[in-house]
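Here is what TrEMBL records for this protein:
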REGION    1-65  region 'Disordered'
COMPBIAS  13-31  compositional bias 'Polar residues'
COMPBIAS  41-53  compositional bias 'Polar residues'
COILED    133-160  coiled coil
REGION    251-272  region 'Disordered'
COMPBIAS  261-272  compositional bias 'Gly residues'
Amino acid sequence: MVLDHEGLAPSAHNKNSLIPQHTTGNHTFTSHPELRESKMASKTANKQRQKASLQPPDPRWQRSHALPQPCITQAEGDIKLLTADLKHNIRADFQKLATNIKRDVQAIGDQTAHLKDKMEEVIEAHNTMADAYTTFQSQLQQMEKKMVDLEDRAHRNNIMLSGIPEEIKASELKEYVTQLFRALLPEAKKTDLHLDRVHRPAVVPSDMIVRPSTLLHNEGKAHAGSMRPTRPGRSLCRSRTVCGLIPSRKGERSLHHQRLGGSGLGEGGCPW
């Protein structure tokens, strides 16, 4: 510190008195070399900042401030090669697998079409067999009916009637024979005179075959005395015929009408 001649520190006025001053007219300028340089540097810096704000950034400055690129080592290069090779192998395996799957799907499709054709053939054969089965079943039922009919016609309990007029219709035979049996067996119950069937063969003249339900099924009525023959000379119908019960050759019981000449009850004695 510089002291004045009185030994005191200089005041602000004294400080200004140390800086050289120049007076020009009414203004006083302080001339100090360091102060002028500071002001000039400040003005220059301001101008540069304004100019930099108006111009685009320098790309060289950006490159200089960019992040440094990593260095590729030998190990990293080997890893990249292995990765590329692995991708290639995986892609080839997938293509091969896709080809195999496509071939298998095509084979399955062909087999399905073949099975479909076979199923159609089987269905057609089944329908044919079903139709044939229906036909055979119908024929079998008809044969069973014929067998039952033959058994009924050949049964030992059948009665063969001879001499029944041919003028009687097939629909009237059952009623005719029932009345005939009532005339022959007046003491028989109505339930005992029930007939299962009455038919006449197609050959003319023909005998009539009768199958009673209970008349001859009972062992006590299976003999010749169960049906009493009519007395000679008695007429049962307008044809002046009488009936007699005699055994036939086949073991059946045959009821024959025998014509008698001129005797009988006549038309008034016929019970039906």
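Quick reminder: no glycine exception, Cβ is built from N, Cα and C everywhere.
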Helix-strand-coil residue split for the compositional bias 'Polar residues' (41-53), DSSP-based: 13 helix, 0 strand, 0 coil
Whole-number mean of pLDDT values that fall within the coiled coil (133-160): 83
